[in-house]
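Now, the feature entries from TrEMBL:
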{"type": "BINDING", "residues": "13, 14, 15, 16, 17, 18, 19, 20", "note": "ATP binding site"}
{"type": "DOMAIN", "residues": "6-184", "note": "domain 'Guanylate kinase-like'"}
Ligand SMILES: Nc1ncnc2c1ncn2[C@@H]1O[C@H](COP(=O)(O)OP(=O)(O)OP(=O)(O)O)[C@@H](O)[C@H]1O
Ligand SMILES: Nc1nc2c(ncn2[C@@H]2O[C@H](COP(=O)(O)O)[C@@H](O)[C@H]2O)c(=O)[nH]1
């Protein structure tokens with residue numbers, strides 16, 4: 001654990017569970033957090049903006065980012081690439097600020113290899129029927145993509161044990177409160193460790 005660094009928080013979970021919705025609500029609820037913006041090769045959805053929702057890349061541009069080691073993690077998800085720009089994350093935590101990454105499960109597991117002291121939160125749906133209803137209700141996917149995303153979701157839920165915390169997204173406000181409680185508890189834990197270490201230094 002590096003005492004003067006910020007916390008790296010990963011919010012992950014299946015497509016449609018509400019990661020984006022919860023993250024958007026957290027921006028008001030926890031304005032002190034820095035939000036990582038991912039790169040992707042998928043097409044821009046209506047209303048999405050470059051550099052705000054994603055950095056939209058061609059496949060060639062994305063592959064160049066991989067080759068140049070510019071990504072902390074990346075994954076191919078339902079026929080598109082998604083990845084977290086490394087420099088921004090590292091600079092933010094080096095400045096002592098907490099950063100949150102909203103990413104899918106393969107990417108979260110890669111981050112865990114590199115940052116084992118990160119805080120990994122799995123956002124879970126109340127049940128699979130509600131998950132499907134949410135993806136369908138969002139109206140952004142074709143029937144085929146919905147089925148693909150549901151198949152991936154079932155595999156992702158199996159990997160829940162790799163996370164430090166599971167938050168059920170029954171209501172967005174509840175999920176935000178739980179995430180704030182987790183971050184507060186992690187800060188207290190870190191402060192206690194620092195105090196214990198300083199006490200030990202004085203005594204040796
Ligand atoms: N707690 C909730 N109760 C009911 N509906 C919700 C809740 N959270 C999110 N939703 C709805 O579920 C749909 C999917 O949410 P969202 O796009 O945030 O999911 P996501 O996990 O970010 O998906 P993806 O991984 O595909 O980007 C949206 O229509 C959103 O309004
Ligand atoms: N591994 C990563 N996954 C990411 C990243 N940014 C977003 N995502 C996840 O991809 C899916 C699909 O997103 P959508 O915007 O097309 O619906 C979803 O689970 C996101 O959380 C990333 O940088 N790395």
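The backbone N, Cα and C atoms fix where each Cβ goes, and this holds for glycine too.
Since we're looking at a predicted model, the values are computed, not measured.
Local packing around the binding-site residues 13, 20 was summarised as the count of other Cβ atoms within 10 Å of each Cβ; on this measure the leading residue is 13.
The 10 Å shell around the Cβ of residue 15 (ATP binding site) contains 23 further Cβ atoms across the protein chains shown.
Taken residue by residue with DSSP, residue 17 (ATP binding site) is part of neither helix nor strand, so it is coil. Close to ligand 2, meaning a Cβ under 6 Å from one of its atoms, are these of the binding-site residues 13, 15, 16, 17, 18, 19: 15, 19. Closeness to ligand 1 is met by 15, 20, these being the binding-site residues among 14, 15, 20 whose Cβ falls under 6 Å from the molecule. Neighbours of the ATP site: apart from 13, 14, 15, 16, 17, 18, 19, 20, residues of the same chain with C-beta atoms within 8 angstroms of the site's C-beta centroid are 123, 125, 131, 134, 169. When the binding-site residues 18, 19 are compared by the number of other C-beta atoms lying within 10 angstroms of their own C-beta, 19 comes out lowest.
Less than 8 angstroms from the CB of residue 16 (ATP binding site) sit 125, 131, 132, 134, 135, 138, 149, 153, each of them six or more residues away in the same chain. Taking the domain 'Guanylate kinase-like' (6-184) as a whole, pLDDT averages 95 in the prediction.
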